[in-house]
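Asker: Can you read through this structure? Questions will come right after.
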Amino acid sequence: MMARARLAAALIPATAILSCLRTESWDPCVQVVPNISYQCMELNLYKIPDNIPISTKMLDLSFNYLRHLGSHNFSSFPELQVLDLSRCEIKIIEDDTFQGLNHLSTLILTGNPIQSLAWGAFSGLSSLQKLVAVETNLVSLNDFPIGHLKNLKELNVAHNFIHSFKLPEYFSNLPNLEHLDLSNNKIQNIYYEDVKVLHQMPLLNLSLDLSLNPLDFIEPGTFKEIKLNGLTLRSNFNSSHVMKTCIQGLAGLKTNRLVLGEFKNERKLQRFDRSFLEGLCNLTIEQFRIAYLDKFSGDDTDLFNCLANVSVISLLSISLGSLQALLKDFRWQHLEIINCDFDKFPALKLSSLKKFVFTDNKDISTFTEFQLPSLQYLDLKRNHLSFKGCCSHTDFGTTNLKHLDLSFNDVITLGSNFMGLEQLEHLDFQHSTLKQINAFSAFLSLRNLRYLDISYTNIRIVFHGIFTGLVSLQTLKMAGNSFQNNLLPDIFTELTNLTVLDLSKCQLEQVAQTAFHSLSSLQVLNMSHNKLLSLDTFLYEPLHSLRILDCSFNRIMASKEQELQNLPRSLTWLNLTQNAFACVCEHQSFLQWVKDQRQLLVGAEQMMCAEPLDMEDMPVLSFRNATCQLSKTIISVSVVTVLLVSVVGVLVYKFYFHLMLLAGCKKYGRGESIYDAFVIYSSQDEDWVRNELVKNLEEGVPPFQLCLHYRDFIPGVAIAANIIQEGFHKSRKVIVVVSQHFIQSRWCIFEYEIAQTWQFLSSRAGIIFIVLQKLEKSLLRQQVELYRLLSRNTYLEWEDSVLGRHVFWRRLRKALLAGKPQSPEGTADAETNPQEATTST
Amino acid sequence: MSLLDKGGGSTWTTLFIGPCYRAGHTQGLRAMKGFAAALLIWTLLSPRRAGGEAWPTHTACRNGNLQVLYQSCADSVDVCLATEKAVLQSSGSSPDPLQDFGFSVDQCARQLKPNINIRFGMVLREDIEQLFLDVALFSKGLSILNFSYPVCEVDLPKFSFCGRRKGEQIYYAGPINNPGFEIPEGDYQVLLELYNQDHATVACANATVLYS
């Protein structure tokens, strides 16, 4: 252990230096309210920071190291009203420390090991109302220099080492003193002399707390004729005998409230019997409270006899053996029985009882009727009660009931519709199991009811008349239940005065469009923790007074833009956090609305996207409209590109042959050929050849050179020689214009046959057939060879329509271009590779 | 009164978690000096401290296959300052371990007995006119059990520490109202939070129960 300590000692200075590196700051305090309130708790301060404004009214310097308070220590803060100096290791408070703090009303010195407190320490605190000096090593009230604090209302000197209850003379200077907390001190004896000052100067409003003092003796007569507002004596007595004699010592005391008993964690008494309370007969008490006394022994029938005239009586965790003590008709008006281990419900007969609180008594399982004719307030929460046929006036024996709390119990079956309980204003069933709520309009007669809580009562609402009759209802809490088909139907029609409605955790998926139509007074609506898919603002449009709307923890993806205008204008608080927002461009306007309404939307920063995947768990506020603009750009760019491409395509198509020419056909030569094609046609078709074929091919792009007999044949040479020399020899291709006349013409057939032979011999020029008109099959059959060829080969058919001509000329041009040698080298290639040259025909 | 000087003969498992605990003028913790120093070193050397934010994890109890780990989940404290404070205190007259509350339990067994005794002490940083305990039990990220227990209520408070204010020391030694049961095999996370009437966290601990 020593070695470790040494290691610690070695490490300490290093760490201290390290840790000091970053603490230098001139403004370490938290500004709670600018210029008014500053919080400097636990900041390692050795003095008050320089930059606290002079106007500061509340200053929290707790958990620092002020250690020594000198005179006029706080004079720079003349406006101070609250000064918290808890745990500041203050050992010395000099004279005039608080001088100048004329407005200070609260001074807290908790947890300071004060060793030296000067006589003038508190001088100047003319307005001080509350002085807290808990755990300050205080030994005696006599030495405490507070005699001049005329306005003092509360003096808390608990948990000190005060041995004497002697109230010093200066108490006569403290006429406003209301609370004196002397609990957890060392006071053992109380003598007549100690309270002499109270005889001289009665402090009627004084409440005195002496709990946790080891009281041994109270001199009889000490409190005779003394009036106090309250006296608390909890966990004071070491034995039942001491308790008994001390209570007898209180004889003559008149007090508004007397609290006796123990704390759950400070139990000293082993046994408890009725003689404890016998001494109370000599006291005048209005309110009596007793807590944590158990193991009652003996007959308790007369236990409360001395308390017959008390108006308020509270029993907390008192183990009474039987109920006999409670079954008399005392004049009690309020009775509280909390956690008292009764095994039966007491059949009370207290005719004047107005308020009855009977809670946390876990052993009771069935409700039994009682007769309390004056009862107005009944609280039966947190028992294990089951209640059959709730509720009517016969159950409680009263028709005056205004407040009924049956929450946190077992099964409550609604059997009658609150007959005779029309005065009810407050009804609470939460966390009990409600049965038969769908059977009839159970609340029909409760026209005065203002508050109804049926939260978590395991009900499934089917019956639409469930809330019929509740015309005065202002608050309706029904969280944690469910509805048929998870649809909120039109059930609030009569609740025109409703201001608060809680529908959270109701598994709602849909809401009827008219559900909220009559709720024009509604101010607070909680729809959180449901399964709503969108923010349907049309629903909330009729809620003209709505201020707070909570739609958090739903599955809302977005809302439509035009709908957002429908939100009530009065709305000041809207919670949409924990939903499944879709941060996509489709909802861009909603997302923009979220950004614009940051004031209205609570926790807008915590609103997270659920989709798309790349935005998952990102704040909605981080959604950038630019993303959508970007995609717009992308869309427009692509549209333009497609357009351009198609235009280019069209252009390329249109100017295909121009391009071919441009791209490479310049180099094209016809090689040894002069003509691109030799045209074989019947003279009957010459018109078509001249007007169509020649015009289109020779004047079009690319320009082809045709070999035409009427133009290119050399005169004076035999026709056959011309056909061979000029026609086939000098042409790359042969165009055969097949028509009726062609078949009939001898020359044409001759030319065609030569062409075929030529093609066969040179294997160079392809034959392109153009069929000008439909041919009669019988005629065609005469030319067996031609017929066979036309039926096996592709040929061009002339069609006299715009599209047909277009297609025709393109095909023809292509056919003519095919096999055209591309370059001088290409020509050679073409010659050595005749197969290639003929492929396209 | 110290948290731990009532140990008696029983085998108490002691835990210290969280930020600086300062008893100020109390004398009882002097006996803890050695322990405090050891703990201080341990905490200073704990690798998590380098990160600055999280409190160190403590082994609350280890018994055979059962292991309970612990970490404070109080969020408002500057660890660096807490360290410095611990340094100052351990070199001064009143040594205190680095913690925001002290807690000990009298048993560490798979078969949990009903009403086990605990001891709990801390210096309040919030008023506790009302005090609530929230317990949440998780296994594999799924919530198994949630409950809220009112420790202090305004009217007739049950415990003597109810109603105490910021800066005061509270101490509880006694049984807790737990049912007896056998811890089933598995890993569990238990989140314990004490909060007051303003919903401000008074103390908070994140426990992991490993039973294999």
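Yeah, the Cβs are placed from backbone N, Cα and C, and that goes for glycine too.
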Asker: Per Swiss-Prot, which of A:C585, A:C609, A:C665 is disulfide-bonded to A:C628?
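Answerer: In Swiss-Prot, A:C628 forms its disulfide bond with A:C585.
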Asker: Which cysteine out of A:C340, A:C391 is the one Swiss-Prot pairs with A:C390 in a disulfide?
Answerer: A:C391
Asker: Mind checking which residues of the chain, 6+ beyond the ends of the repeat 'LRR 3' (A:103-124), have their Cβ under 8 Å from one of its Cβ atoms?
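Answerer: Hits for the repeat 'LRR 3' (A:103-124): 57, 62, 78-97, 130-138, 143-146, 148-149.
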Asker: Treating G and I as helix alongside H, and B as strand alongside E, what does DSSP give for the repeat 'LRR 3' (A:103-124) in helix, strand and coil?
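Answerer: So the counts come to 0 helix, 5 strand, 17 coil.
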Asker: With H, G and I counted as helix, E and B as strand and the rest as coil, say where DSSP puts A:C628 (disulfide bond).
Answerer: helix
Asker: In this predicted model, what is the average pLDDT of the repeat 'LRR 7' (A:205-225)?
Answerer: 93
Asker: Measuring CB to CB from A:C29 (disulfide bond), give everything in the same chain under 8 Å that is also at least six residues away in sequence.
Answerer: A:Y38, A:Q39, A:C40, A:L43, A:P49, A:I52
Asker: Hey, what's the Cβ neighbour count for A:C391 (disulfide bond) at 10 Å?
Answerer: 25
Asker: Does DSSP put A:C585 (disulfide bond) in a helix, in a strand, or in coil?
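Answerer: Its secondary structure by DSSP: helix.
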Asker: Counting by DSSP, what is the helix, strand and coil composition of the repeat 'LRR 7' (A:205-225)?
Answerer: 0 helix, 6 strand, 15 coil
Asker: Just going by other Cβ atoms within 10 Å, which of the disulfide-bonded residues A:C40, A:C583 has the emptiest spot?
Answerer: A:C40
Asker: Tell me the Cβ contacts of A:C390 (disulfide bond) under 8 Å, same chain only and six or more apart in sequence, or just say none.
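Answerer: Those within reach of A:C390 (disulfide bond), by Cβ under 8 Å and sequence separation of 6 or more, are A:L406, A:I412, A:T413, A:L414, A:G415, A:S416.
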Asker: Take the Cβ of A:C306 (disulfide bond) and count every other Cβ within 10 Å, whichever protein chain it belongs to.
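Answerer: By my count, 19.
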Asker: To the nearest whole angstrom, what is the C-alpha distance linking A:C306 (disulfide bond) and A:C391 (disulfide bond)?
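Answerer: Roughly 35 Å, rounded to the nearest whole number.
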